[in-house]
Amino acid sequence: MKTHLKPGSAPISPIPMNHTAKPPPQEGPARPVEPVHFTADLVPHLVWVARPTGGLEYLNQRFREFVGRAIESLHDWGWREIVHPDDLPEVLKQWGRSLAIGSELHAKVRLRRHDGVYRWHGVRAQSALTPDGAVAQWFGTCTDIHEHTRAEEERRHREDRLSAQQAALLALGRDVLRSGDPADAVRQMTEATARALGVSRVGVWRHTPSRRAIHCFDLYEAHADRHTAGAALSADDYPKYFRALEESDVIAADDAPADPRTHEFASNYLLPLGIGAMLDVPLRPFGRLEGVLCCEHLGSPRTWDRDEQVFAMAVGNLIALAQERWERERAEDEVRAAHATYETAIKATGHVLYDWDVERGRIEWGGSFERTLGYRGEEMPAELSAWVGLVHPDDRAALDREIRRVTETGTPFQLEYRVRHRDGTYIVMDDTGHFVPAPNGRAKRMVGFVSDITNRKRLEEQVQQSRKMEAVGRLAGGVAHDFNNLLTVINGYTELAIGALPEGAPVRAMVDEVRRAGDRAADLTRQLLAFGRQQVLQPKIFDLNEVVGDLAGMFRRVIGEDIQLGVQTGAGPLRVKADPGQVEQVLMNLVVNARDAMPTGGNLTIETSAVVLSAKLAQDGSEVIPGRYVVLAVSDTGCGIPDDVRAHVFEPFFTTKEIGKGTGLGLATVYGIVKQSEGHIELETTVGHGTTFRVYLPGVPQAPDTSKPEADSDELPSGTETVLVVEDEPGVRAVAQMILQYLGYTVLVAANSTEAVEVARSRPPIDLLLTDVVMPKVGGRAVAEQLQRDVPNLKVVYMSGYTDDAVVRHGVEQERADFLQKPFTTATLAHKVRSVLDRSA
């Protein structure tokens, strides 16, 4: 039978095919390869021959290798089996059309390789016809175009992506830069960027004012279609990332958990959220780093193409431009607001504006002259001479000299002087002016303003006085500290000497006088420490009303019969947290001071109350911190305090009493105790009418502490335990050793931490450590910690003649530790050591 490739073509012999129902067995020597088959095996394509029904009759060697079949197995196999299901309908449609009209077949189809992988091929086939025009066979080739197809798809995808990115940039540039709402504009940017890059999360982060962290201004999560904000990242936690922001134009982290610039986020950010890749662009409005645009891809790592990086940088630049525009607009708004504020301030600040015509001597006024000086517009002086008439007589000469100087030189004018208010009082004014020169260089006009600085001057005086008191307090406290060590030695040996002398011995009476003098000296050092706010307090919560009530009877005996005492306590418990003994000292000193101010009798009133002080006090010159306070007021109807004395009443050793009538430490002690208790004291006085001292102590809501201190018995407690005394002052160390030995204890001594450790390790077990708090190199707290490592249950008593603040700085908190204040007595030391030893561990 003859066949033709197509109508009108020369007939050809059909290619022999083995397509019987069962392949014949191969017996004897192999048959020679058909020349046409040999040629087909050399072609770098898949060559095939098929029946019109689709069954395959022949595959060349390359095709057989592709599908993994031998030629003998083709009788029950067709090409439909290797076509991708998605491509099969279109191929069958084209196959049918070619069969119907006898045309050449061209198709693009994915074929399944023997390993299951589909690859794109270009299929070309031609039918061979019988003489009567029927299709006898199909001859075709399949050319592998997989890589080319992938490249074309990637090119189209890239073009589509670039087109989408360009459209997004155009839309953002049109809409965002016109937006007056930065928050809404940023939300549009994050959404558009997520769509264009196909990422799940896009955020805009901004630097905090400290520039040590960034906070999230907006985060768009595409998978949830939501916006969030508020998270923060610190430069201290992610130094490499923040360094990369400073140094880079873009951070393209294809594998974010592994990238050295972003791996710091891995454990607590990237891995928990499933972020595989990051594309971050630093935001630099006005050329300075102000934030970052973060694009986060969820899932496996992703390679960021250059066009994606360029797009992200373009969005970053757009955000930076928008920020520049918003900042400029904000700056313009601030300028307008500042101008409006200035216009309002000129009318409301209390400044008095003036314009003085030097040649005519006329003055025009503006501003708040009525509120500041009390004069209405028509009452303000229209001429310089009238204004000078309002100036305090003591300040007129200085004003006259300054006016002459500046009118001759044309230099700026500034002077502080007192002006009489309409109510007759004088207020301190700050006068600042600038001259407008005439052609001859002399002043033609002066424009300026005067401001009421009375409160400021009063505050400056208070600050100066406070600094003076602080300096004197430090000096007094320092002297007291040195005396404490000396008095510990003096009083300690004196008490031991008295105990060793028989009753009635003449020397004992003399030594007893020395002891009493030492006690008085100790009282003076306590007063000095109180003034300097450096004494060791033992604060507790108590009701101030109870303290006043308990002392009222004693006050009546102290003030005498010619003074009437009135006590008025406020309603309810008035609780404060302070040292009750020190508050009693404050009250006693104020009562005695009031008594001494009324030598011929009068009225003395003690009042308590609760007040809430507002922040306005700070504007009025008060040092009180706003809040709830308990007030203790002590008033008298005595002689009052003159102004020249009032400034010195709280200074130590200042007194107006006769020599020998007082130490000058009474009010100084009050001042120190109140300040150390975080309180404040005010003085109100009028010469000839009396004085009121008001003490403000912070109020507390807690219930009072009802615990009672252990009372010391007359009998000195003793013991046989071992006590280690660590004290760098030899005299104190020796007297403490002698007292403890007198009480029966085994006493070991050391001058420093090194000796203490050596003694503790070489001698029998120590039951108690008595150590000074403040010592050279290593303090008492450190000594105790060293020894307690070897003796965990070692009990400790701290002693010090230094300040409360110094003790706390060395790690000893009075409310939690057993503390002994120098100078201590034999009884005090005996009771303290015994009580600590007897206490359960």
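Each residue, glycine too, has its Cβ placed from N, Cα and C.
Automatic prediction, not curation, is the source of TrEMBL annotations.
Given the structure is predicted, the values throughout are model-derived calculations rather than measurements.
Record features (TrEMBL):
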| type | residues | note |
| --- | --- | --- |
| REGION | 1-33 | region 'Disordered' |
| DOMAIN | 105-157 | domain 'PAC' |
| DOMAIN | 338-410 | domain 'PAS' |
| DOMAIN | 413-465 | domain 'PAC' |
| DOMAIN | 478-701 | domain 'Histidine kinase' |
| REGION | 699-718 | region 'Disordered' |
| DOMAIN | 722-837 | domain 'Response regulatory' |
| MOD_RES | Asp772 | 4-aspartylphosphate |
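Cβ neighbour count for Asp772 (4-aspartylphosphate) (all protein chains, 10 Å cutoff from its Cβ): 25. The DSSP breakdown of the domain 'PAS' (338-410) into helical (H, G, I), extended (E, B) and coil residues amounts to 43 helix, 14 strand, 16 coil. Residue counts for the domain 'PAC' (105-157) under DSSP, split into helix (H, G, I), strand (E, B) and coil, are 12 helix, 30 strand, 11 coil. Averaged over the domain 'PAS' (338-410), the predicted model has a pLDDT of 81.
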